[in-house]
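Here's the structure we're looking at; comments come further down.
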Amino acid sequence: MVAAPSARRLVRRSHSALLAALTVLLLQTLVGWNFSSLHSGAGERRGGAAAGCTEQPAPPPAPAPRRERRDLPPGPAAPLGACCGGGGRGPPARARARALAGCPEEPRPQQPAGQGALPTRALDGYFSHRPKEKVRTDSNNENSVPKDFENVDNSNFAPRTQKQKHQPELAKKPPSRQKELLKRRLEQEEKGKGQSFPGKGTHEALPPGGRAAVNGSHGKDAPRQPHTRKSGGGSPELRYDQPPKCDISGKEAISALSRAKSKHCRQEIGDTYCRHKLGMLMPKKVTRFCSLEGKANKNVQWDEDSVEYMLANPVRIAFVLVVHGRASRQLQRMFKAIYHKDHFYYIHVDKRSNYLHRQVLQFARQYGNVRVTPWRMATIWGGASLLSTYLQSMRDLLEMTDWPWDFFINLSAADYPIRTNDQLVAFLSRYRDMNFLKSHGRDNARFIRKQGLDRLFLECDAHMWRLGDRRIPEGIAVDGGSDWFLLNRKFVEYVTFSTDDLVTKMKQFYSYTLLPAESFFHTVLENSPHCDTMVDNNLRITNWNRKLGCKCQYKHIVDWCGCSPNDFKPQDFHRFQQTARPTFFARKFEAVVNQEIIGQLDYYLYGNYPAGTPGLRSYWENVYDEPDGIHSLSDVALTLYHSFARLGLRRAESSLHVETGNSCRYYPMGHPASVHLYFLADRFQGFLIKHHATNLAVSKLETLETWVMPKKVFKIASPPSDFGRLQFSEVRVGTDWDAKERLFRNFGGLLGPMDEPVGMQKWGKGPNVTVTVIWVDPVNIIAATYDILIESTAEFTHYKPPLNLPLRPGVWTVKILHHWVPVAETKFLVAPLTFSNRQPIKPEEVLKLHNGPLRSAYMEQSFQSLNPVLSLPISPAQVEQARRNAGSTGATLEHWLDSLVGGTWTAMDICATGPTACPVMQTCTHTAWSSFSPDPKSELGAVKPDGRLR
């Protein structure tokens, strides 16, 4: 009887204590809700997501501490994290309370999926994903490595790891500690994998035969396979035709072996490493044949009037064009500008560029002084194959006894002349005994270190593998700079046919060198009997912008960090008119980036085309051609090209309909025949799809071309906010972001469920501000949200949120908010696939690809609590429709795809490439937009009386 009142009092006290504890927790949450800021993606000063040359392929950084509440009542700005600026206004109190209730500090149990909501992950809160730190680079004259190379760690040799999940223990550690912890964790994972292959940072030696030692009875009982071993982490099985002849102990060689894909390449890596280790690969001493002390540097003068004093015996030039890609019309325009009947043109097309090779063969047949190499190499950036291409081209040219040339000039399709042929011939005739190469312009020891000349490289599997260190041979001076040069015939003969100690050993040394063409000819010339003929000028202007061009963009094909020139723009035109030093060519030019500058230069040299000439502001570039085969297309591209063709047929039926019946109705047949990008006035206008279709009126096959253009999807908030830096600018989403030219190389933004989209924002000038970016999927699931600091000088920012795949097909939205007030938004399409591995998709594949990520969780944390704040309700009907769509196949799937494509693309026009039964269908050659329409600026015709084409 006495115990009962005591128990009741205890319960009341416990209840009061519990309420007090909950109140304290609520207050702590109010104070502690901290949304982490995110550094600018690719701003002018703070720069992009991970250009940093020093970084490894790594998991996304761990979340930083949560940021402070943005949605406080109006008042003094709350201080934000180091990357954020300003506090601000927020949604109403009721919305704030809901948002707060949905984002507790600790993870909460997963809510069961109810009607109108999709199941989401339990961790409900906001975490930012910081991009990697940026390494700043500077101009270093003419060669392709960063100037501040002492600060660049090129040990980017670890096998790629899977994207890491949220790791709370890293959240409050500084970035350096996070990296250390992640590195230790990766090392522990590698050690824990059975028979795992050593990765980056390990010095474990492989015994001869390539088999790793194993512990315990497993090693004794396991069946042995000679010259075979498994690598960890899903790496390819390591096989050798012959066992390596030494212990492979260098970390670079071990890493190269773990990443090489083919058995042949791994064999070559092992053999090369062992030959070098045994002292059988590199020359130790080389003979110098130059009698001069130091470096010769002849001064040459440019005289604008020299063309008037043409010599009686003008030089004849062998132009060697080393080209790749698909920009055939730009190549033809450049060829047209440099052509003269007195010169010779030898064209090498990359082994992987079959479309361009077909186009080059076609126009080369028209001219007797144009030939195409009967052999082809894959000339990767920085690869030894480029030097091999030049040396073989030189040998071929010297063996062509009917081509009496005097100078060797190498060009690419991205070059363009900036002075006339007559001026070039007059200048070279005056200095016919000289060789023109651009040197690096700094001390050799520093150049050797920055250029990686003291490192051993091997090219195989279309990759340059770094295998270790080496010594520079004694007895010679090493030089280098630009790999664009003009060499006279005497020196070319010496390099090609000489068997002396210098040439023989330098060819061996540079066969295992990164960017060998940037140094081989310089070094041989400076140490040869021809050393007094060197002119430190390659007669070119190269558009170096180290801040943009040194993004380590070639790390996927070379174990080093390099730079690339930027494309010229109209504002650069004045640079071509300088006369301080002799220059005759400039690079780089890209018509898909800017064609106006090419037109300006062309008109400056050769005058304007006649008034009314068609196609001068248009540019077409092929991205698919039927002989390439559909295996050359991705499933996303093949899916959308088919949908674009059907969109064109529907336009023909609706807009070209005539009373006579079905004469303008078609049924699609087969795969697309070709696809072109179409630009007008340097603006992307969409795709041109050439495709086959059966005319239903006559049951005959016709070939048509459809023009589809993306609809405008970027819009400023209405009513406009007081935030003005996005006005007249843009927000875009895509893949293949080019940080150098600051555009998406995936023109049109064709995306599928397994793509990893990047968000890009272009800014106007203004004060430093912080904006919030929110990604919303087709059923209003908030997939990601993060802050970006836009500095006053920033023009672009970009970031790729680490979303779990697959993405849900449909129309996505990216919103930009300032102080949680909408500023702008854009939309992008994630297309459902109708093809998988270039075959019609199977029913068992559609649900895996079209139903979104597991439990609809795009990231570790959920942002479901922000839906009411942002007025983004999740509709049960919309969710159910998405579920049904995800299981669609056949005609139902095509109908779903076409409805999505029709909402984001417009069929602008359609034409017939040949005979047609549709009486109102226009012929493609009579349109201004078709890839079959006239293009005089790139068309090659008969040689004119003055010997030129232009």
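Even glycines carry a Cβ here, placed using N, Cα and C.
When Swiss-Prot records Asp350, Thr379, Ile380, Trp381, Asp483, Trp484, Ser564, Arg587, Lys588 as binding UDP-alpha-D-xylose, the matching candidate from Val320, Val322, Val535, Val623 it lists for that site is Val322. Candidates considered were Cys290, Cys460, Cys563, Cys664; Swiss-Prot assigns the disulfide partner of Cys531 as Cys290.
Disulfide pairing as given by Swiss-Prot: among Cys550, Cys552, Cys561 connects to Cys552. DSSP classifies Cys911 (disulfide bond) as strand under the three-state reduction.
Within the set of binding-site residues Val322, Thr379, Trp381, Trp484, Arg587, the entry lying nearest in space to Cys531 (disulfide bond) is Trp484 (CA atoms). In terms of Cα spacing, the recorded positions Cys246, Val322, Cys552 that come within 10 Å of Cys563 (disulfide bond) are Cys552.
Restricting the average to the topological domain 'Cytoplasmic' (1-17) gives a pLDDT of 45. In terms of C-alpha distance, the listed recorded positions Val322, Trp381, Arg587, Cys664, Cys924 place Trp381 closest to Cys552 (disulfide bond).
Put simply, Cys561 is the one of the recorded positions Val322, Cys561, Arg587, Cys664, Cys924 whose Cα lies nearest to the Cα of Cys274 (disulfide bond). Rounded to a whole value, the Cα-Cα separation of Cys924 (disulfide bond) and Thr379 (UDP-alpha-D-xylose binding site) is 36 Å.
Residue annotation for UDP-alpha-D-xylose gives Val322, Asp350, Thr379, Ile380, Trp381, Asp483, Trp484, Ser564, Arg587, Lys588. The furthest Cα pair among them is separated by 19 Å.
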